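**Student:** Feature list, courtesy of TrEMBL:
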| type | residues | note |
| --- | --- | --- |
| SIGNAL | 1-19 | signal peptide |
| REGION | 67-86 | region 'Disordered' |
| COMPBIAS | 76-85 | compositional bias 'Polar residues' |
| DOMAIN | 113-175 | domain 'DUF5666' |
| DOMAIN | 264-320 | domain 'DUF5666' |
| DOMAIN | 334-390 | domain 'DUF5666' |
| DOMAIN | 415-470 | domain 'DUF5666' |
| DOMAIN | 482-542 | domain 'DUF5666' |
| DOMAIN | 555-613 | domain 'DUF5666' |
Amino acid sequence: MKLGIKGWLAALATGVLVAACGGGGGGDSGVGSGGTGVVTPPGLASGTVTGFGSVIIDGNKFDDSGATIDIDRDPSSPSAGTSSDVKLGMKVETELSPSDKITHLTVRPELIGRITSVSGTGFVAAGQTVLISTDPAAPTVFEGASSLADLAIGDIVEVHGARDTTGAIVATRVERKDPTSALLIRVVGTLASLDATGKTFKIGDLVVDYSEATVLPAAATLTEGQRVAVWSNVALNNLGVMKAKVVRIKNPTAADGAKVRLGGLISGLDTTAVSFKVAGVSVDAKSATFEKGTAADLANGRAVRVEGVWKAGVVVASKVHFIRDEGDATVDLTGAITDFVSSSSFKLRGVPVDASAATFSGGTADNLANGVIIKIEGAYSAGVVKATSVSFSTTPDGGVRTFPGKVGSYDATTGDFKLTGFDVAMRITDATTFSNANGSAASKADFVIGKRVLVRGSFVTGVLVASEVKFVPDATIGVKLEGLIYALDATAKTFTINGATVAWDDSTKFADNASASDLANGVRVEVRGKVVAGKLVASNIEIKRSELPTIGEVKGSITDFVSATSFKVGGQSVTTTTKTVFKDGTVSSLANGRVVQVKGTLSAGVLSAAVVEFED
């Protein structure tokens, strides 16, 4: 029997792995590597997103280029998502092909609700105690806030994390949501204090009334100790009771032989049997190899990463890795830069990065710009990843590449040149087009040593042949960036997004009849403006309210380009139509390596573009 991805997802526990009988997906045959015809069960991975380039889950890198993505906020019906919806610190569950490619990924928050109290160590929302991690090996990632100090009673938050021995959620990610977003409450946890007559139970301190709820699976019966996900679109009543719309029972199961990787906190430790649970999954570790510790270091509440195989309801561990120092918290990111403001504020795979104190190789901070492909290593701190190292990707790959910098050497006879900081041979030809930053025409005569330029082209026999050259002034730089507002100061007319300070004034234009009064912490905005004295002065601000689940958005480099109707952005399959609107480019501008933002409608895993905006 082969159970599809939707089938095994229906039985997942948050942070729990469920497999199907049958082969993998993503273009793999599902036959074992030995060619014996033995079907390999899908591999499974569950844990915390710790980096990108493809997706890194608890330090393990997986190719997500062919993955379909679901966002499980309503447990009765997960909504389709894109690679841009997968973020640092999120808890995810994946099904893997026999070659370890992700065929399906589901994002599963532990909690969505409104904060009712804040303490020095965390907060309470929907009756659940949330603790902010102070462990440098596993810090809490924030979006729409830089730290606990930015959060307040009444804020709506989405929390990812794992339960400790007291039942509190130790947060791996806290995202402050738009205060005007549609009401949604989601809690995942252990069912307790069941009253089958009164139709109530508790998760933590939250009383759940399930008298009108749909219980899934349909034939299942609620019992004490089950792990459940509950959802409602009705506010808690004045007694703090949740009127559940859906209750889904989580029942971890898998096909014997399935390769499993999971990460989380230990619970239910039996030191004699050397067994425990991680996120509700039973683990037999008596024959495991231990990294950064021994079996004697096992303890309830300890963070671990486990590798093994599923056998008769238990993960038989081959490896247990203790997460215990800052080396485990290193964030790896690889991709094309977007939302560039300065070396201290840009995004890589949607993650805000500050590279102002980084060591550079293959280029300098002066060579950073939208579209430039880099790899960074760093650590998360105060809302951004502080990069310790930045390396530039200058390897010819056949795609369109973008390189910024000052012209360091130039032979006007051959057209050969190099940019300061890059040891990459480049060439302009009679086919190269020249323009100024404002879009006006320029000429080859303007191309001289010392000029700051943005070069776009493709490699031909090891030389980047420039198709476009744009002259960029050293003075104020026009930028566009998007993110969640925090540290809003209405008096000073400033706020922060992606670690960058944004200022507005009476000349700032607000889109769609909005105004400065619509700005609030947690609101997503798109800002256009110029950098003046290290601050982004906004000329235009667009407030981006929560979209319908069928609306998709993705930003990144184009890959796998076949035609305008078949390409990928950040691993997401995209198609355009005759109705697609193109900004800062045309349909003929589409090519591998171009950085674009695509908005459209998701259907059957494909994003049909309504708007394509070129960002490089």
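Placed from the backbone N, Cα and C atoms, the Cβ positions cover glycine too.
Tell me about the setting of these features in this model.
**Tutor:** Beyond the ends of the region 'Disordered' (67-86), by six or more residues, the same chain brings 5, 9, 26, 49, 55, 92, 94, 101-109, 112, 184, 186, 214, 216, 229-231, 245-246, 248, 350, 549-550, 552-556, 569-572, 602, 605, 607 to within a C-beta distance below 8 angstroms of the stretch.
For the compositional bias 'Polar residues' (76-85), DSSP puts the residue distribution at 3 helix, 3 strand, 4 coil.
Here the domain 'DUF5666' (264-320) has, by DSSP, the following mix of helix, strand and coil residues: 3 helix, 34 strand, 20 coil.
Here the domain 'DUF5666' (334-390) is broken down by DSSP into helix, strand and coil counts: 3 helix, 36 strand, 18 coil.
Counting residues per DSSP class in helix, strand and coil order gives 3 helix, 34 strand, 24 coil for the domain 'DUF5666' (482-542).
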**Student:** Which stretch from 113-175, 264-320, 334-390, 482-542 shares the most C-beta pairs under 8 Å with the domain 'DUF5666' (415-470)?
**Tutor:** 334-390
**Student:** Among 113-175, 334-390, 482-542, 555-613, which stretch has the highest count of C-beta pairs below 8 Å with the domain 'DUF5666' (264-320)?
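**Tutor:** That would be 113-175.
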**Student:** Average the pLDDT scores across the domain 'DUF5666' (415-470) and report the rounded value.
**Tutor:** 92
**Student:** Per the definition of 3+ C-beta pairs under 8 A with sequence separation of 6 or more, do the domain 'DUF5666' (555-613) and the domain 'DUF5666' (113-175) touch?
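**Tutor:** No, the domain 'DUF5666' (555-613) and the domain 'DUF5666' (113-175) are not in contact.
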**Student:** In the domain 'DUF5666' (555-613), how many residues does DSSP assign to helix, to strand and to coil?
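**Tutor:** Its residues divide into 3 helix, 37 strand, 19 coil.
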**Student:** Kindly report the helix/strand/coil residue split of the domain 'DUF5666' (113-175) according to DSSP, in that order.
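**Tutor:** Summed over the domain 'DUF5666' (113-175), the classes give 3 helix, 33 strand, 27 coil.
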**Student:** Sort the residues of the domain 'DUF5666' (415-470) into helix, strand and coil with DSSP and give the three counts.
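**Tutor:** Summed over the domain 'DUF5666' (415-470), the classes give 3 helix, 28 strand, 25 coil.
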